[in-house]
Amino acid sequence: MSLRHRNSGEPAMSDAEDIPMAKLQQRRWRSVFATIYSARTFVSLYKKVINKKQILRSLSYIAVDVHDGDSSGDRLLSSLCVDQKTLTEVVREKSLETLSNLGGVKQIAASLETDEKDGISANEADLAHRIDVFGANRYPKPPNKSFFSFVFEAFKDTTIIILLVCAVLSLGFGIKQHGIADGWYDGGSIIIAVFLVVAVSAVSNFKQNRQFEKLSNESSDIKVEVVRDGHRQFISVFEVVVGDIVCLKIGDQIPADGLFLDGHSLKVDESSMTGESDHVEINGSNNPFVLSGTKVTNGFGFMLVTSVGMNTAWGEMMSSINRELDEETPLQARLNKLTSAIGKIGLAVAVLVLAVLLIRYFTGNTKDDKGNKEYIRGKTKLDSVMNSVVEIFSAAITIVVVAIPEGLPLAVTLTLAYSMKQMMADHAMVRKLSACETMGSATTICTDKTGTLTLNEMKVTESWLGKELMDSVSSEIAPIVHELLQQAVALNTTGTVYMPNSQSLPEISGSPTEKAILSWAVSDFGMNLDEMKQNYELIRVEAFNSEKKRSGVLIRRKSDGATQVHWKGAAEMILAMCSQYYDRSGTVKAINDEERIELGKIIENMAAKSLRCIAFAHINIPEDDESVLEESGLTLLGLVGLKDPCRPGVRIAVEACINAGVNIKMITGDNVFTAKAIAIECGILQPDEDLNEAVIEGVQFRNYSPEERIARINKIRVMARSSPFDKLLMVQCLKQNGHVVAVTGDGTNDAPALKEADIGLSMGIQGTEVAKESSDIVILDDNFTSVVTVLRWGRCVFNNIQKFIQFQLTVNIAALVINFIAATSSGDVPLTAVQLLWVNLIMDTFGALALATERPTNDLMTMPPVGRSKPLISNIMWRNLIAQALYQVAVLLTLQFRGKSIFGVDEKVKNTLIFNTFVFCQVFNEFNARKLEKKNIFQGLHKNRLFLGIIGITIVLQVVMVEFLKRFADTQRLNWGQWGTCIGIAALSWPLGWLVKFVPA
């Protein structure tokens, strides 16, 4: 298999005399190298066949293509002696023997044209060719649901099926009785109306499904750190290619199959692949095999990618899994119960109407348009009887269609899809639909400090050597201290310093803390990271973790074999491990009680300035004692203070939460003085209040009894020096106290707290993949302001659903009461099947679109949290909808029984007036539903163009229904006066709604 890239259009040079002698010799040397390389390849293959007694899964021949062209263009790739199948199997089967036969990891890296330090070339042609040869890091997904599957689901509704059967029967009898020219109207109109309702519902559901699919794809596009052209860079997981060197750290999800190149204390969780919960150690000797989809739980390292996409076991497994997008949220479950209850009432009313109409028909109490009895026993033809019975059934079934608020689930889907899309624009990606709703009920937000309340842009602003402040770069520091500080920074770090050339600024990568310390060491001490790493050998590494809040290394100098341990971490914890310290002159001084208090005061003063305090310490150890990292009797090298400023606008966001009745609790790993300073700066604490109960350390909280924790939890607002276990404990206590808890987290160890919380909010920039997978919502910009935005949208979702429920129940009650009273009293149903289906379309789909897409307002953040058990239909909603429903029923029944005499019109015009007035009542009531409590229902109306557009479309279609579709809708054309009357009656719902809001609920 050749990984060769040719430049098209490159001129062939056949005349040797035109080539300079130096180049000619260079090409000859290349030819010799290629010949030797191919010979060694043949020998290697021969030995493999003899030893393994098997046929290689590779090509039956090897073509050595010796290119005699200029190599100044794109970097060319040499021929490979390993094919993709072999690379895949060696990792999947974890075969050390096969790996050894292939020459080991280094030989495979060389075959893949990967430099162990600089990685592969970032040249686009090179990357494209690797994808051509080895495939892309993608896997095919199961096909999405087609549009017709949504149409089919809409047709599966029982009431729709019954209505269609009635329509078909009505169509058949009508054509038989009146001929095809006039007989198709009744049945055909119902069929067309049903198809319209189904089509609109299917289109809406199809669009929302595609929206959720898009969000699902975006959530799976994680960022991976790779080494290309000698420096680290973040790329999409889909851009990883075979030959890439991937940087691994705690919390990363491994993006492809590969082999361990370098690193320390690397452990991975392979439970997603093997089912085993034990963490597996990865190293270069016993287990260099790294599987895609597994997660790093400890240490750090680099891996060589050998298989991507469908060539990995993870890819094969994921290609058969489709993420569940039609997850039922708690609110949808509650609405389904409400829909079912209303549907049962509607069904009971429909059965009563059916019984009354059948009795009246067969007892001869109904008359046709000419005033004759519709049914005379023994005289009326069977066709006529069947046609009338079908019409009665259609009317009854249509009542059920209108009564069942099918728009409620649609409204939830619409508002969730709309809010998810808008939240994405506001830097929040929803991974779990139910979180949108639950966030509206949040009573407490537990937030991290670093990166969430602060910018996470660290800079060393203060440094101390012993008890002396290093105020300038020119300060005289003893050479021994200078050398030890460089060791402490350069060798105990997971960051890197890349210098493209001597003239350019260094490119520093790593965590914000690492970058700040490396930048300080490079600029103030002239540290050369690569030189330090060449002079020393790393023997043991203890990676940083949030429990111990420190990291350590055991190093050996290559020149004389001297060994020493370096520690770096939280200043007070490192200080506790030290018994002496260096001063500026290089003198080692003992730390007695007085000195320890003075050094502690320096740390406290730095923390009070909102600085994160980091200390460095070391100890020389005997060469024969390399089993563990010494943790006592250390010598303090120095202290640095890192400033991480608060994010702009975070104080306003915190105040907004407090005004909305949501408690903010800051949980941080920093010491108590730094935590206090930042909390005061952000507005979580007030400088003049008693902080004894409001600020606590993690160990103190941990040591409380369960009863004490429950008693004090509401007063605690800052927890410093906390561990992930403390965060989990706080979430559990808050939930026991009845709070709805949202928690932010970015580390792997935050996963339990994120899962335990009602809403887990992970960080998109600093968050590990483990944290993101455990969360419900990903905050893409790591900003607390975005957390508040999520809170606003959560409240907006619930509020929009309540608006729609109020609007729809008003229609349901009015339609049911009017049809029931009219049917039982006169045997006539004023609203026909087609008309009721049109009303159903207005309130179900158009109403949902109009009311479910309202944006959040500032008013939402002045109300207390919704709470878990608050009923869907509040007293305020009952007040509003009963008033409107009673008004509509009163007006329409007046028209039903006195309409002909009041307006001097016939039966058909009267029924058209009822239908027209009923529809316009819903149009005007849609405005009332915009504000449940506010009297000004027009506030912010100009910002919602969709609402105005839907109102306009509804009015236009209603005019068309009445004026131009007389046969279809069973209506009569109205004059200007009649139109004005309908609109005037409907418009009275506005002042009625305004007056009703004065009544306390």
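Cβ atoms are placed via backbone N, Cα and C, with glycine included.
Copied over from TrEMBL, here are the features:
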- 95-175: domain 'Cation-transporting P-type ATPase N-terminal' (DOMAIN)
- 154-175: transmembrane segment (TRANSMEM)
- 187-206: transmembrane segment (TRANSMEM)
- 341-362: transmembrane segment (TRANSMEM)
- 392-418: transmembrane segment (TRANSMEM)
- 804-823: transmembrane segment (TRANSMEM)
- 835-853: transmembrane segment (TRANSMEM)
- 946-964: transmembrane segment (TRANSMEM)
- 976-996: transmembrane segment (TRANSMEM)
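When averaged over the domain 'Cation-transporting P-type ATPase N-terminal' (95-175), pLDDT in the model lands at 83.
Against the transmembrane segment (187-206), the recorded stretches 341-362, 835-853, 946-964 differ in Cβ pairs under 8 Å, and the greatest number is found for 835-853. Remote same-chain partners of the transmembrane segment (341-362), defined as residues 6 or more beyond its termini with a Cβ less than 8 Å from a stretch Cβ, comprise 374-375, 388-389, 392-393, 395-397, 399-400, 402-405, 809, 812, 816, 819-820, 823-824, 827, 829. Shown for the domain 'Cation-transporting P-type ATPase N-terminal' (95-175): DSSP residue counts in helix, strand and coil, namely 52 helix, 3 strand, 26 coil.
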